[in-house]
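Feature annotation from Swiss-Prot assigns domain 'ATP-grasp' to 104-287; the stated evidence is sequence analysis. Annotation comment: Swiss-Prot describes LYS141, GLU178, PHE179, ASP187, ARG211, SER212, ASN213 as ATP binding site. Look at Swiss-Prot and you will find ASP248, GLU260 tagged as Mn(2+) 1 binding site. The Mg(2+) 1 binding site annotation in Swiss-Prot covers ASP248, GLU260. The Mn(2+) 2 binding site annotation in Swiss-Prot covers GLU260, ASN262. Here Swiss-Prot flags GLU260, ASN262 as Mg(2+) 2 binding site.
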Amino acid sequence: MKIAVLSRNAKLYSTRRLVEAAKTRGHEVRVLDVLRCYMNIASHRPSIHYKGEDLTGFDAVIPRIGASVTFYGTAVLRQFEMIGVYPLSESVAITRSRDKLRSLQLLARKGIGLPVTGFAHAPDEIDDLIKMVGGAPVVIKLLEGTQGIGVVLAENKKAAQSVIEAFMGLKTHILVQEFIKETAGSDIRCFIIGDKVVAAMKRQAPEGEFRSNLHRGGSASLVRITPEERSTAIRAAQTMGLNVAGVDILRSNHGPLVMEVNSSPGLEGIESATGKDVATKVIEFIEKNATRGRTRTRGKG
């Protein structure tokens, strides 16, 4: 098969591993910088060009689209879909999961466990917003943040008010969530391919930190997940319509709660924590499922 990997940087661990795994299994692979692709959006013969060349003959495309290039990255992916190339995850599923609010609303509609979450832009009654999610301590997030950036733990009401006011000054949208203290700065990342959890790791925040993102110095270790955690993670990925996803789950006293569904989960942390060859599993999934022109929108909303 001829596979395209949409990635800004061919040297990144995840991109390297996917290329390696595909080549080992006898496929032809090209890494394309998504921002350098340009498109002819025509109803007759839509095309994608890259460095002066018409990109044709691809059987599948693997999107590794960073949060900062979501808009253009998903547009390029949509163009690949238009010319009949099989996407590992569809453009609409990626945009759905990148919008934190939209994804939370969809998960809530499906009855999937979530932390109590308030959403606001310019609330007149900050006290009422804090009360709505069960009072301090609360976690306050910028809607557009990634990798733990723009996430603040406010330990008391006064701190929560100050942070919300500061964020409001930025003219941005704010998520206010209950703080699940029993997790003690840890979460579980489930790596989903298709309808299976192929690997899972526990991420632990460093001492004195509550954000467990590996980019923030968190550590990862192998973990056994419960059947309930497994089914929650799979349902969350399917609600987004993603074939490949990293679902972050908190172990609360009242069952698993989904924090986030990541459409471009990194491979380095999960492969080193679990010793599993996740990249090859991704390529095997493409081999089984890639047929030309087969994009259908899964999930609703």
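Just so it is clear, glycine is given a Cβ too, placed from its N, Cα and C backbone atoms.
Feature map: annotations from Swiss-Prot on the structure.
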{"residue": "LYS141", "record": "ATP binding site", "Cβ neighbours (10 Å)": "21"}
{"residue": "GLU178", "record": "ATP binding site", "Cβ neighbours (10 Å)": "20"}
{"residue": "PHE179", "record": "ATP binding site", "Cβ neighbours (10 Å)": "19"}
{"residue": "ASP187", "record": "ATP binding site", "Cβ neighbours (10 Å)": "22"}
{"residue": "ARG211", "record": "ATP binding site", "Cβ neighbours (10 Å)": "20"}
{"residue": "ASN213", "record": "ATP binding site", "Cβ neighbours (10 Å)": "19"}
{"residue": "ASP248", "record": "Mn(2+) 1 binding site", "Cβ neighbours (10 Å)": "21"}
{"residue": "GLU260", "record": "Mn(2+) 1 binding site", "Cβ neighbours (10 Å)": "18"}
{"residue": "ASN262", "record": "Mn(2+) 2 binding site", "Cβ neighbours (10 Å)": "22"}
Whole-number answer please: how many Å between the C-alpha atoms of ARG211 (ATP binding site) and GLU260 (Mn(2+) 1 binding site)?
13
Can you name the binding-site residues among LYS141, GLU178, PHE179, ASP187, ASN213, ASP248 whose CA is within 10 A of the CA of ASN262 (Mn(2+) 2 binding site)?
ASP248
Which of the binding-site residues LYS141, PHE179, ASP187 has its Cα nearest to the Cα of ASP248 (Mn(2+) 1 binding site)?
ASP187
Give me the CA-CA distance between PHE179 (ATP binding site) and GLU260 (Mn(2+) 1 binding site), in Å, as a whole number.
15
Could you give the Cα-Cα distance between GLU260 (Mn(2+) 1 binding site) and GLU178 (ATP binding site), in whole Å?
15
Taking every residue in the domain 'ATP-grasp' (104-287), what is their average pLDDT?
91
